[in-house]
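Student: My questions will all concern the structure given below.
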Amino acid sequence: MRIRVPATTANLGPGFDSCGLALTLYLTLDIGAEADSWYIEHNIGGGIPHDETNVIIETALNLAPNLTPHHLVMTCDIPPARGLGSSSAAVVAGIELANTLAELNLSKEEKVRIAAEIEGHPDNVAPAVLGNWVVGAKLDGEDFYVRHLFPDCALIAFIPKAELLTSESRGVLPDTLPFKEAVQASSIANVMIAAILRNDMALAGEMMERDLWHEKYRSQLVPHLTQIRDVAKSQGAYAACLSGAGPTVLVFAPRNLANTLQTSLQTLEIDADVLLLDVEGSGAEVFR
């Protein structure tokens, strides 16, 4: 059996800790034979465990402690610590592993709830489970979210080779915002969401680049954001914004500009991968 979980981008600018979008990069987990002990084969490196302390197995065992150990093989296109939901993908893969082997028959809603409890909020985990675009909130321990189709457009991911830990990126954020600024930040997010629902990517893109919640603080850790934004806008893109906590920058553009933008971004003197992606519509899947 095979489990496949997509990457995700969170925030989309002003949709801070609320908006998430599934992307066509994947964590894939092949479930092999039963074994005496858990072992997960992978080539990620970076100190990622191969035993039951791996997040995937740990998550599965928290849900189903009596699972029979298996040999697992993980392949992952999602680079860690780049703002593309690698930790959320691992958590969701663990939930799917337990659900599959223990026959828990969890609903998608239950999977989102469990994953959000682990990750703290649903912005990455909800689209990882459900696919497409999700707007969510966690209130008094309960998750509220809406899944909707995202407008058709090109997505160009500028993924620096250097990592940026979420903890470091959150550390530069203020504890509070002045009330008037928070009202303005909220109104920008509201217009962005309404524009997306209306398939108006030009207006949505303008709002994406006017975020007041987090990007102006995080830009000191991601100096290439302004450079990429200038290149993207000069060539007709809708917007460029941080993917999650960064350092990846995601460019939204008309499809006919995708290849040109990719080529232009590849010429920047920054060590990075520049990938053409799409919105992933299915979310986590199990292939039997």
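Using the three backbone atoms N, Cα and C, a Cβ is placed for every residue, glycine included.
When I checked Swiss-Prot for this same protein, it listed these features:
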- PRO79, PRO80, ALA81, ARG82, GLY83, LEU84, GLY85, SER86, SER87, SER88, ALA89: ATP binding site (BINDING)
Student: Which residue, out of the binding-site residues PRO79, GLY85, shows the minimum number of other Cβ atoms inside 10 Å of its Cβ in this structure?
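Tutor: PRO79, out of the binding-site residues PRO79, GLY85, has the fewest neighbouring Cβ atoms within 10 Å.
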Student: Given a 10 Å Cβ-Cβ cut-off, pick out the one of the binding-site residues ALA81, ALA89 that has the most other Cβ atoms nearby.
Tutor: ALA89
Student: Which chain-mates of SER87 (ATP binding site) that are at least 6 residues away have a CB under 8 A from its CB, listed by sequence?
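Tutor: Residues satisfying the criterion: VAL55, PRO80, GLU119, ASN124.
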Student: Return one of helix, strand or coil for GLY85 (ATP binding site), based on DSSP.
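Tutor: SS state of GLY85 (ATP binding site) = coil.
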Student: Other residues near the ATP site, CB within 8 A of the CB centroid of PRO79, PRO80, ALA81, ARG82, GLY83, LEU84, GLY85, SER86, SER87, SER88, ALA89?
Tutor: ALA7, ILE78, GLY244
Student: Which residues in the same chain, at least 6 apart in sequence, have a Cβ under 8 Å from the Cβ of GLY83 (ATP binding site)?
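Tutor: THR9, ALA10, LEU164, THR166, SER169, LEU242, SER243, GLY244, ALA245, GLY246, PRO247, THR248 - these are the non-local Cβ neighbours of GLY83 (ATP binding site), listed in sequence order.
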